[in-house]
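Taken from Swiss-Prot, the feature transmembrane segment covers 15-35, 48-68, 73-93, 102-122, 148-168, 216-236, 250-267, 277-297, and the record attributes it to sequence analysis.
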Amino acid sequence: MIFDGFIKNFIYDPVSFIGILIFYFLLINLPISLISLFNKKSSSYVRLITILINLFIALQLISRWIISGHFPISNLYESLYFLVWGITLGQLLIEKEYSTPIIPAIAIPIELLTIAFACFVLPEDLKLSSNLVPALRSSWLVMHVSVVMLSYAALIMGSLLSASVLFINNSQPLQLRSSSMGVGGFKISNSYSTNNVIEPINFSHSEELDTLSYRSILVGFVLLTLGLITGAIWANEAWGTWWSWDPKETWAFISWLFYAAYLHMRISRGWQGRRPALLATSGFFVVLICYIGVNFLGVGLHSYGWIFGIFNLF
């Protein structure tokens, strides 16, 4: 009987059914990821569940694409799942580069909160697929919005990694030797061998996380730049103007300036230690305002037309 109910729910509303399933997978994965901080044998289970979550989100988005007939990133509900898909992908790629239980332990809570927000806080009418207005029926929708959402995912991962560096070193001075250019755990030694060969040195745990944070933010910055460029081209084609200072456009530009300043200080000024980690961590809130915060206004071309119904919750 229970199995029959699952089948009926899947057939009737596959998108919502898979969405709830993803929430429960994350709910299971959260305590396992915290346990893995003390018992590394649990890390393989965390990675397996994360892969399943990533695949289920892909299945959900493909299902919505088939049902709606357009790329499934046209409303807040769809974009939240796409964002978590990007974060889980980033989590898996970063873990492949440097395996540590800290990475899923900091990423999974954000993934769970995001999916919980999409499942249980958003109004039901915002979860439904709707027909696109003529201006959005463009191949630029796929290119622009997906690139911007992936940039958010990369920037969020970078901020979370920097936060983990600060947390690990909260009671001691933070001295990092990691290279801003991200040389993958190698650094030019001050001493040379008899054969004039530059020898690699091992980075500490915090230095590895700091380097990964820098790399993630660099990827996110490049994607955000591409997102702004494609958005400007699309806006000119659709509305005849490259830039309209829409609230979302303005905050996307502020985010771009913020991370440009961070990268400039890391590369040109050689920033090391606590200051760049604090700046990168605060970038999480910049992205949060850019992505979610402007929707409080309920205005602009990029708004989903929804103001947080907090007064309806009481």
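Placement of Cβ uses the backbone N, Cα and C atoms for every residue, glycine included.
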Quiz item: By a Cβ-Cβ criterion of under 8 Å, what residues six or more beyond either terminus of the transmembrane segment (250-267) are in contact with it?
Solution: 148, 155, 180-181, 214, 217-218, 220-221, 224-225, 227-228, 231, 275-276, 279-280, 283, 286-287, 289-290, 293-294
Quiz prompt | Chain residues in Cβ proximity to the transmembrane segment (15-35) (below 8 Å; excluding those fewer than six residues from its ends, i.e. six or more beyond) | solution = 6, 9, 42, 45-46, 49-50, 52-53, 56-57, 59-60, 63-64, 67, 81, 84, 101, 104-105, 108-109, 111-112, 115-116, 118-119, 127, 129
